[in-house]
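Undergrad: Please find one structure pasted underneath; my questions will follow.
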Amino acid sequence: MAGLPNSDNRRAYILALAAVLCWSTVASAFKLSLQFVSPLQLVTIAAVVSALLMSAVVTHRHLWGELGQRWRADYRWYLALGFCNPFLYYLVLFNAYDLLPAQQAQPLNYTWGIVLALLSVPLLGQRLRGVDVVAGLICYSGVLVIVTRGNPFGLEFDSITGVALALFSTLIWAGYWLLNTRVKGSAAVNLLLSFLCGLPWLFGVVIWQGDWQWPPVQGWLGAVYVGLFEMGIAFLLWQGALRACDNTARISNLIYLSPPVSLLLIALLVGETIHPATGIGLALIMAGVAVQQGLIRRLFRNRITTAVQR
């Protein structure tokens, strides 16, 4: 790889792999934490922790002036972003994890990229490509294999509500990233403003429900872990990797390591026996995402080029 010293690229790969490892642990962290806290408690505590972390980052980078400028310019968009994330997205996602085995909820969440491509057609005026349709069909056939445990024609689900929530979370997450195109602040500033705007919604629901129970130590530890790593540190590591590398495509491809590693950790840490259908369905989902992003087309093109050169 040319363009940057090898040490910079090694640093980029180390940061990217660390981010992937963080993301690989969160499905297990969600499921284990939900044994001790409710979905609302988990997202509220985690969001507070993440907001504190991002406040420290903004302070360290001297970005408070930028934060004020971005708020005055785009406060309506930040209010919408905060409603989507952390409030609605994580509340829906954690309820899905509460109802489904982690090995089902986690792969379903990876279909959000397909949803993003499909939503871009009506919302951004982009053209619907044939490859997007094919990728969607591949992905959602994988979803059907997973949620029916390999019997797609039987249409028997562990929890139809959980499946609906998991798929709805992908719609929210895709919508969140489409809203992000409307704001221009730095990543840390945007994330902090989103969380500051989302916390009042969470506090409001907590007050409305009125039955907050003080979580046990295990619940606090799990929620703090989720807030630090899922909502904060992994994002910062990935951002640092993209800044340090000279080829973002190679770094971005590392994200495909996360789903299989996550399944392994679910088996080891949560104790779930991974159903064969989960592996097959996940392979279909990741293949669909690869088709949508053009990875398979580039792979075949590179192999053909190499063969011709030989």
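Each Cβ is built from the backbone N, Cα and C atoms, and glycine gets one as well.
Worth saying up front: this structure is predicted, and the values here are computed from it rather than measured.
Per TrEMBL, the features are:
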DOMAIN    11-148  domain 'EamA'
TRANSMEM  12-30  transmembrane segment
TRANSMEM  36-57  transmembrane segment
TRANSMEM  77-97  transmembrane segment
TRANSMEM  109-125  transmembrane segment
TRANSMEM  130-148  transmembrane segment
TRANSMEM  160-179  transmembrane segment
DOMAIN    161-291  domain 'EamA'
TRANSMEM  191-208  transmembrane segment
TRANSMEM  220-242  transmembrane segment
TRANSMEM  254-271  transmembrane segment
TRANSMEM  277-296  transmembrane segment
Undergrad: Return yes if the transmembrane segment (277-296) and the transmembrane segment (12-30) have at least 3 CB pairs under 8 Å (sequence gap of 6 or more), otherwise no.
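TA: No, the transmembrane segment (277-296) and the transmembrane segment (12-30) are not in contact.
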Undergrad: When you scan the chain for residues with a C-beta under 8 Å from the transmembrane segment (254-271), skipping those not six or more beyond its ends, what do you find?
TA: 13, 16-17, 20-21, 23-28, 31-32, 102-103, 106-107, 110, 278-279, 282, 285-286, 290
Undergrad: Report yes or no: does the transmembrane segment (36-57) come within contact of the transmembrane segment (130-148), defined as 3 or more CB pairs under 8 Å with a sequence separation of 6 or more?
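TA: The transmembrane segment (130-148) and the transmembrane segment (36-57): touching, no.
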Undergrad: Based on Cβ pairs under 8 Å, which of the stretches 12-30, 109-125, 130-148, 191-208, 220-242 lies most in contact with the transmembrane segment (160-179)?
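TA: It is 109-125, which has the most Cβ pairs under 8 Å.
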Undergrad: Look at every Cβ pair spanning the transmembrane segment (220-242) and the transmembrane segment (130-148), keep those 6 or more apart in sequence, and say whether at least 3 of them are under 8 Å.
TA: no
Undergrad: If we skip the immediate neighbours and take only residues 6+ beyond the ends of the transmembrane segment (191-208), which ones have a Cβ under 8 Å from one of its Cβ atoms?
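TA: Residues 40, 43-44, 47-48, 50-51, 54-55, 57-58, 67, 70-71, 78-79, 81-88, 91, 185, 231, 235 contact the transmembrane segment (191-208) from elsewhere in the chain.
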Undergrad: Looking only at residues six or more beyond either end of the transmembrane segment (12-30), which have a C-beta under 8 A from one in the stretch?
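TA: Distal contacts: 42, 93-94, 97, 102, 105-106, 222, 225-226, 229-230, 233-235, 237-238, 240-242, 244-245, 251, 254-255, 257-258, 261-262, 265-266, 269-270.
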